[in-house]
Structures are given as structure tokens and as C-alpha cells.
Amino acid sequence: MEKQKNISIKKFANPLSFPHEFRTNLHKSTFLDASLLELPNISVDKTKNENNFSITDKILMESLKENEFKIREFIKNQESGNRVLMIDKNSLKELFNINDNQALDLIFNQYVQSTRPNLIRKSSNSSLNIDLKKEIKKKTKKSRKSFSRNSKLNNNDSKIDDKNDNYIDKINDINNFNSDIEEIFKKKKEIENTLKIPIGGNSFPIPVEFNNNNNNNNNNNNNNNNNYNNNIDNNNNNNNNNNNNNINNCNNNNINNDNNNNNNNDNDNNNINTVDNHDDDIINNSNNFNKNEYPSSNISPISPKSSISSFPTNLNNSINNTGSMVSDSLSSCRNSISSSSIDSSVASIPITIQSIDFEDKNIKSDQFKIISKSNIENTIETNPIPPFNQTNNQCEVQLQSHSLPTILKQPHIYKSKSFSSSINSNSKIKKIKKSRSFEIESKINLFDVINHIYLNLSKVGSEEQKITSVFKLYDIYDKGFISRDDLKEVLNYRTKQNGLKFQDFTMESLIDHIFQQFDKNMDGYIDFEEFKSELTINNENKVKEKEENTNYNFKEENIGIYTEKESFHSLKRYLKIEGSKLFFISLFFIINSILVITSFLNVHANNKRAIELFGPGVYITRIAAQLIEFNAAIILMTMCKQLFTMIRNTKFKFLFPVDKYMTFHKLIGYTLIIASFLHTIGWIVGMAVATGKPDNIFYDCLAPHFKFRPTVWEMIFNSLPGVTGFIMISFLIIMAILSLKIIRKSNFELFYYSHHLFIGFYVLLILHGTMGWIRPPTFWKWFIVPGFFYTVDRSFRLFKRTHRVEVLDYCLKNERVINLTFSKPPSFDYKPGQYLLINVPHISKLQWHPFTMTSSPLEDKIYVHIRVTGNWTKKLFRWLSIKKQLQQQQQLYNNIKQQNVLPDGSNFIINNNNNIDQIDLEIGLKPFRINIDGPFGSSSQYALKQKQVILVGAGIGVSPMASLLKDISLKKQRLQLLNQGDQIALEQSKNEITTKFGLGNLEKVHFFWLNRDQHSFQWFEDLLIDISTNGNSNLPKISINTFNTRVFPKNDVRVFMLWNGLDKLFKAQGLDPTTNLPFKTHWGRPNWDTIFQYYSKKYSGESISVFCCGPSQLSKELYEKCRYYTCLKTGGTKFYFHKENF
């Protein structure tokens, strides 16, 4: 039986290890990044050399060995159940005993950047955090350079010289506050009666404790807004109390309480509890505050346990001196309050500080006021304030250390001049924000540091030491064993770290499978011996593994070693693959070179008068003008999409590089811009030279065009060639800048609209040479043929190929992808992998965006998956979200009305809480129609021409591949149904069936899909399940290889137990727990060298087409692999690369 297994492994030495193909035979995955049985392949880890570690890693490894006991004791005392233990720089220094401040800064900053945002930050995407990251990155780069420079000079020293502590700037200088401010922070622990002002600050409730004697009190409040007096009369006859408050400028407030019933007077020391509400809660509390809920009782005095006088009196000076933090202490109102017995209850008093004078310790506000949210700029409502009890003629209101900076985060709500004068500029507020943000950011997770150290230790030393280091990654509390809770804690931490999510029952099943494998004695714990025995590889496997690893290293070492013969062979491969592209590029440069030579000779022979007037610069201007005319004409040919689609369907598709039209468009555009600048500069210099020439020379050259001699500025800015020339150069600059990749991705509309300036550019270019200063205009001769083709192409697309279709269904997936389903027009014939242009009139009537169709031509509907990235797609997503909501609510209303629950004529109100520009409810409920233009050809439509095809998609780039896979799957199903029917009828219609449902010579499709999110695999879940179930029933076969690139590779010691448990769970239930698909998802990025080596051997002598749609980095990598592994010898494998261009 063992021999049979070995034979199977040798036969199917597939580095991809497809579970649905080799589930019964393949017991060991030879995929390069790990194997399931070997777990973390420690004994053959390539990172054995200690010199591979950075200097900071070495320092941490040595420090952990020396201070391991102290660090573990600290972790035990601060035990955290979620593997998050935040420490600052000083704690890191004490725990690891790092005395070199320079090394400490470098280590700390490294982990500040690498610490997961979801573990330490609440808003890691805020602009403040982004600015902070940039600052830390800049400082870290400077620190690393200086640190490495110093370390090279001191290689013989065991430690870095302490004199270099001040060599670099401190990252935390922004966190050093004024000494007075630091004293305030120290005193915050002593404050018991505190008030926390939450973020937002429109109004905030202050819970105040009252002694309650009457439970049912009706309070009638009469407000006098003119005098800012509140009179409350409390008459408790029949449990009715009338309270009269007179609050004048927060001073000398009199409270008269008349009670006919017996009241108990309880004077207790009450603490003002902190309130932590968000903006919405604050507003709700303010609006729901009822004026008839003031209790009638004596308010217990607030115990002044911490003196206000101990705080600095001039906080404004502290702001100006430090520029980073405002004192968190606010003085109290000096209120003279008198009261009688009032019942005790808890009342939430909504107040907003209207004016704050930092020059005085007291609040100088005429009154506590509430600023209305509806009109925060103008409307101010005055609400009564319940009575306070007299306490030494002083009412204390104190703030915690983080309250006042929170107020300053929204300074626009305060309208007082005194407050505005205390904060002189927004820059100081930004500094305060930045310092507060940095205080949150400047901590690291101790578990991240320790895990990284043990990860490095697992790569050095003996096998025993490596396994010990791996064991300590899980036994972080040094118990000597791994309990179920410890393992669950580690797995939860790793799943969050890798962006994975599991249900609770899945995690429990996962742990059960791991303990079933590792816990040999079934005692509920995994000790070191059990852990070691499971990871130890027997001697036979070691020898075999060493041989395999040696062979692979030999292959890897030979990669990139080019002899003279190999270099020549590489050139031949490049010419074979890129022959047509190189031919047209060479032809392009040859034509431009010929134009340069002919223009030079023509000027030298026919424009001697112009040379005499303008100088030698005429040569530059005329050569550049000739290049502009040629390139401006042929660039139109690269914009004829319909023409390229027609060429793709003919036999000439291999002669013209139609897949490279974007490359030629950019090349011609660059040439046009350079020639335009040379032409402009040449004419400016020439005109300056012409000013020094006598009149006879000037009129001898330009006599027909000028009756009076103009100045140089008049020739430049007051002539038709000058004005049109500067406008054209402006158009080119705008189009070039807005065509940059960063702008196209962030704001496609700018790129799209700016490119329509080419219409004005051509009009001005025709007018530019009509005056004929040097020679008659000739651009129209170059323009007529390309302009004709472009006009026909554009007209054909505009009048013949534009369709208005109705969207039948749409699905919004995870706020990232929109799935549109619309009807297929009768004359809309397309091939799998082609794309179309979509226009949504409700969003924009002018914008057309390209999207690949993910449906098969055999279907009567068209499917399109749109990724939400730019402004247009975001507007579309918001509009469809509202439309979906309106439809659901309308359907609910119709269902209720059919059940006669609502009376006839009832109005059904739909609340619209989303923000979108003036959406009409009637339009939202009407059928959804869009305009489509196309189809247009793409490289993916060639996929069915080869026997072996490799499809690679990244993210939403899988769309053309999904169309191909769906088309292949449907054709196989149709052929299978036809084969089961009448054989005579099948023979008669064989040609028709082959044309419609034929798959050509295609034998197998190798599909690769790379994603950074486990939920992204659900976009085409039904298609993948159908293919995995029926994909190998007959030819062509389809193999699926999905990769989650965000997570660590499965051989990583940090996740090997997680991966192993998931593998056991997959074998038990037949579904991948991360994707719920019936095949295993690989972790990490694919190793393309191993994959191409495997295909090169298995399909020797065949041609393999590689189609890619994804990031430019992935396309470039695959392109290089195709070039390298293509063998031009007889019997060699040839790889042909194709890339999607939109």
C-alpha cells in the first residue's frame, strides 16, 4: 500500500495539488510553500543563515534570551485573553533591557508601523493617522540609515555607542508637553468628581444625583429669554411642584422651593459620573430632555475633593508655549446658590459651554446654552437648568485629561469671541489633534514583538531548538503545555491577523481536529513531547526531502545564470514572442527618423530666407512640426476600437499587435508631447533672434503676412500661430497630467473628460499653419486618412452599435462589487472575454465606462461585475442602494395592502437616509435602463485556440476568465445533451453544432484566482461550484486554483496549526471553511517558477497561452516567466502571454 502511494505521488507530482482531481491519490502536496503532512518544514527551512536577520532582529533575539523570565512574568501579571498587550517605548526598554536609545527608536518605530490597525486603532484610516504614518516612515527611514551606518563602523563592538543617542530626531518629540501640563495629567487620578465631554459636543448631559422623595412630580417651567432668567415655583400640592429659577450670568442664582408635604433632606456627597456618548446619542439626549422632568428635592452638594486652585491659572499660555495640548482642567462657576429641600433623582442636564475664557480660572459665560443641530450657525435655544445646592458659594465642574482636546476637535460649534481669541489659529488645533492621535498610536503590541522573535528563532539552531521556539509561540504564558483555551486564543489572534472570519462552531470543530491530531494521550493538553513527536520527520522522509530540496536548489541556483549561448537563446525567445510588436515599433522609429532627415534637407534647400531671419532654430521647429503632423495623425488609429475588434476576427490578427494598441497609443503620445515642446521653444527663440535683424531681411521673409513690423510679443501672443500654439500645448499638458495612473484610478471622470480636448486640439492644429509663414499648411494631408477611419469607427459605434437595455436585476455585494444583469439585445453578438461600454443616464449622460462581460454568449442575459472604486462607481452604488431600498419598501407596502391591513388611500412614507443628489422617488421605482456600446475585442477571446490555457485573474480581474469558464461549462453541457439524443440528427447537424458549441482543440484550462479577502471568492461562487462538480466529466478539463494572498503561507510557523486544522476540517466536510467552496484555497502567493517548471515538463513540445487580467506587477511577472521558460528547440514548451487592456 505504501508503495502504491509513492507511485501515485510520483505520477502526480503536481505543485498545485488540486483536491478535486487527486483527492484519493495525492497524500502529499509538493507545492513549494509547504505540505500538509510536513507542517512547518523546519528541518529544511532555507532561512538558516543567521546573517539573514537584520540588526534589530539580532538585538531582540539576544535580549529575549537574556530577559525571557522577566518578560514572561510581566505577561503573566498582565494576562490578556485576546493576545493584545499594548506597551510604550519605556516599557519595551525595561523589559528587553535595551540601553541604546537609537536602536530602541528603530525597533519601536518598526513595530508601530507593523502593528495591526484593528488591534490598536479605532480609526486608522483618518487623515491624522495617515499623516502620522508618513512622519513615522520618514523618521524611521532616517533612523535606519543612520543606525546601519553606525553599525557598520562598529562591527567589532557588542553594543552601539551610547554617544549616538542624539544622532537622530526623536519620533516622540511631539508628545513632550509643558511641565505644567504634565502636572495636570498626574492630578487626574486624584479627581473623583469628574465630567467627561464626549466627541461631538453639540450638547452633553451631566448626570447629577438628587435625593428622591417624590416619584411623581410635574414640573412647570417658565423661561424668560430676554433677561436670561429661569423662574421655577415648586408647589407640591397634590404632588404638583412649581419651580422658579432665576439664573443670571451664572452668578447669584436664587432657588425658592415651597413644599406643603413632608420632605426628607438628604445631603450626600455626590460624584458626577463620566458620560461617554457619541454624537447621535448626545443629540438625542438633548432633544429628548423634557422641561417637565425637573425633580423637586434638595440637591446634594458636590464634594470638592480636589482643589481647583492647584491647577495652572493661565491655560492659554500653555497652549501657546507647547502648541500641542490644552490643559484638561476647567475651572468652576462661582455661583451663589441657595436651596431648600428637593427630592433626589438623577437628571440629565443638557448644556453646552458657550464661552470659555482661558485667562481666568472661572467660566465667564452669560448662560449655559444649547446650540440647535438644525441650524448650528444661527439658532440658539436657551434651556432652563435645574437648581444646584449651595456648597461654599461655589459650583465645581471639572474635566478629565482627555476632555478638552475632544472639545477642540469640533471648534466650529463655539461662537464666543473669547474662545476664538484663545485659539489663535487652526494650526494649533491641528497640533493638539496630532499630539492626541500620536498618544494613541505610540504603543505597540508586545505579543507581536515576541511572536516575531520566536519566528526568527525557529529558523536557527538545532531541530530541537527550532521546535522549542515554535512551541513557545503557542505556549506564550510558559505553562509547559498548550491548553484548549490557549490554542483558541492563539487561533483567534491569528485569524484576525490574517483577515479571516469563522463561526464559533467552526472554530470549535477546528480545535477538536487539532487536538485529535496532537493530543496523543487524550488528556486535554498538548505538552512539548506530543508537539515534538508530531513535528518530527522520520529519517526516511528526511533523506528524500533533502534530495528533493537539493534538486530544487540546483534548479533555482541556475536561474538567472546566462552564458553567451543562453543570452542569444533568450534574445531569440524574445523575438519569437514579441516579433510583431517589435516590428511595428521599429517601423514607427524608422518613419520618424526618415521624417527628421527629409525635413532637415527640405529646410536647408528651400528655407534660406527663414534661416537668415530666425536663425538655426528653424531646423528644430520644422523637424518638430513634421513629427507633430505625423504622430497627431496616426494616434487616431490607436483609438479605433471597432476596427481592432474586426481585425481580431480575421486571419490578420497575428500580423497586427492589436493587443498592444495601448502601448502604441502611449508611445505616440509621448513623441507628440516632446515634439510640441521642441517646436514651441524653437519658435520663441527664433522670434527673439528675429528682433535683431534689419527690416529688409524681415520683410523679405514675411512681407506677404505683415504690412507693419510687429514686436516679438505681438508675433507670439497676437498672431494666429502663436495663440493656437499656446492653446494646443496647454491642451496636451492637461491631457498628459490627467492621464497619469494615480489620477485615472482615483478620478476617472477627469481623465475621461480631459481626453475629449483632442477635438479642439485637431481643430486648432488645422488652423495653426493656415498663415503659412514658412510654407503652406500640410497637416490636412496627413489627417485625412486616419481621420476618415476614426470618423467611421466612431459613427458606427454611435449610431449602429448603441443599445438601450433594461436592467433585470442587480446585486450589491459587500459594498465592493455591483453585479448587473440586463437583457441581451437581439443583434448583440459577442465572444467570451470581450468587454462593452456602459452609460448610466441617471449618474451621467456623457460618461461611458468599460466593463468585461462575465456571461456566456449562449445565455439570453448579460452579466457584468463592477468593482466600486472611483467616483462614478461609488455614485452608482449609492443610487442602486437607494433604489433597492425603495423597491423593498414598496414591495412591503404592497404586501401589507393586499392583506387589507392598511385602509385605502393610506400614504406609505419612505424614509431616505442616504445622501444622493436629488433622487426622485418615482424614478427610483421605475425600471432601470442603461445604454451599452460594443462589444469590443480583447485578448481573452483567443483562449480557445490552444490545447493548454492558463487563466490568471486577480480580484475583479477574474471577470473575463469567468466568462470563458462559463462559456466552456455551458458548451460542455449542451454537447453532452446532444450526444444523448438522436445520433442521425447529430451527424446531419455536426457542422452547425461544431460551429456553435465547438471548443476547438482545447484540452485543459488551468484557472488561477488571487484574492486578498476570503469573501471575494463568493462573487462567482455558483460558477466555481458547478465547475468543480462537473468540470472534469469530459474534455476540456478545468482545474481551479484559488489563492488568498493576504494570509501567511501555510508553512509559516505562526499559522501552521491553523492551516492543519482547516485541512482536517476540509477533509471531514468536503468544503473549505474559509470560502465554503468544494476545493482547497492556497494561502500566500503562488510560486510561478515552480508552476511554470511543472507545466514546461508536463506539456513538453506544446504551446501554452497565458492570459492575465490584474495589477501591472502581476502582469509583468507573468510576462517575464513566459519569456524565460519558453524553449525554442524542437520538443520545447512555448508560452504565449496575453494581457487585458481597457
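Here the Cβ of each residue, glycine as well, is placed from N, Cα and C on the backbone.
Taken from Swiss-Prot, the feature region 'Disordered' applies to 135-166 (among others).
According to Swiss-Prot, the feature compositional bias 'Basic residues' maps to 135-147.
Per Swiss-Prot, the feature region 'Disordered' maps to 208-298 (among others).
Feature annotation from Swiss-Prot assigns domain 'EF-hand 1' to 462-497.
Note on the domain 'EF-hand 2' (506-541): residues 38-40, 42-43, 463-464, 467-468, 470-471, 480-484, 487-488, 491-492, 1057-1058, 1060-1062, 1064-1065, 1068, 1073 of its chain, located 6 or more positions outside it, place their CB under 8 angstroms from a CB of the stretch. The domain 'EF-hand 2' annotation in Swiss-Prot covers 506-541 and is backed by sequence analysis.
Under the heading Ca(2+) binding site, Swiss-Prot lists Asp519, Asn521, Asp523, Tyr525, Glu530, citing sequence analysis as support. DSSP classifies Tyr525 (Ca(2+) binding site) as coil under the three-state reduction. Annotation for Tyr525 (Ca(2+) binding site): same-chain Cβ neighbours under 8 Å, separated by at least 6 residues, are Phe481, Ile482, Ser483, Asp519.
Listed by sequence, the residues of this chain that lie at least six past the ends of the transmembrane segment (583-603) yet keep a Cβ under 8 A from its Cβ atoms are 610-611, 618-619, 622-623, 625-627, 630-631, 656-657, 660, 664, 667-668, 671. Summarising the annotation, Swiss-Prot assigns transmembrane segment to 583-603 (among others) and lists sequence analysis as the type of evidence.
Per Swiss-Prot, the feature domain 'Ferric oxidoreductase' maps to 622-766.
The feature transmembrane segment is assigned by Swiss-Prot to 627-647 (among others), with sequence analysis given as support. Nonlocal intrachain contacts for the transmembrane segment (627-647), taken as residues 6+ away from its ends with a CB within less than 8 angstroms of a stretch CB, comprise 591-592, 595-596, 653, 656, 658, 661-662, 664-665, 668-669, 671-672, 675-676, 679, 761-762, 765, 778-779, 782-783, 785-787, 789-790, 793, 796-797, 801, 834, 935-937.
Swiss-Prot lists His665, His679, His755, His768 with the feature heme binding site, giving similarity to another entry as the kind of evidence. In the three-state DSSP assignment, the secondary structure recorded for His768 (heme binding site) is helix.
Annotated transmembrane segment per Swiss-Prot: 667-687 (among others), in sequence order, evidence recorded as sequence analysis. If you look at the transmembrane segment (667-687), the same-chain residues 6 or more away from its ends with a CB under 8 A from one of its CBs are 585, 588, 592, 614-615, 617-618, 620-621, 623-625, 627-628, 631-632, 634-635, 638, 712, 715-716, 721, 725-726, 728-729, 732, 736, 739.
Per Swiss-Prot, the feature transmembrane segment maps to 720-740 (among others).
Under 8 Å from some Cβ of the transmembrane segment (754-774) lie the Cβ atoms of residues 607, 610, 618, 622, 625, 628, 632, 702, 705, 719-721, 724-725, 727-728, 731-732, 734-735, 738-739, 780, 783, 787, all in the same chain and six or more residues away from its ends. As annotated by Swiss-Prot, transmembrane segment applies to 754-774 (among others), with the evidence given as sequence analysis.
The annotation domain 'FAD-binding FR-type' is assigned in Swiss-Prot to 794-942 on the grounds of sequence analysis.
Annotation comment: Swiss-Prot describes His849, Pro850, Phe851, Thr852, Met853, Thr854, Ser855 as FAD binding site, evidence class sequence analysis. In sequence order, Phe748, Leu837, Ile838, Asn839, Trp872, Thr873 are the residues near His849 (FAD binding site), counting only same-chain partners six or more apart with C-beta under 8 A.
Here the transmembrane segment (720-740) has Cβ contacts under 8 Å with residues 669, 672-673, 676-677, 679-680, 683, 750-751, 754-755, 757-758, 760-761, 764-765, 767-771, 773 of the same chain, all six or more residues outside its ends.
Same-chain neighbours of the Ca(2+) site beyond Asp519, Asn521, Asp523, Tyr525, Glu530, judged by a C-beta within 8 angstroms of the site's C-beta center, are, in sequence order, Phe481, Phe515, Phe518, Lys520, Met522, Gly524, Ile526, Asp527.
Closest to Glu530 (Ca(2+) binding site) in space, going by CA atoms and restricting to the binding-site residues His665, His768, Met853, is Met853.
For Met853 (FAD binding site), the count of additional Cβ atoms within 10 Å of its Cβ stands at 29 [all protein chains shown]. Per DSSP, the secondary structure of the domain 'EF-hand 1' (462-497) breaks down as 26 helix, 2 strand, 8 coil.
Long-range neighbours of Ser855 (FAD binding site) (same chain, six or more residues apart, CB within less than 8 Å of its CB): Lys861, Ile862, Tyr863, Ser963, Lys966. Taking a C-beta cut-off of under 8 Å and a sequence gap of six or more, Phe851 (FAD binding site) has these contacts in its own chain: Tyr835, Leu836, Leu837, Ile838, Val864, His865, Ile866, Ser959. In this entry, His665, His679, His755, His768 make up the residues listed for heme, with the farthest two CA atoms of the set 23 Å from each other. Remark: of the binding-site residues His665, His679, His768, the most isolated position is His665 (fewest other Cβ atoms within 10 Å of its Cβ).
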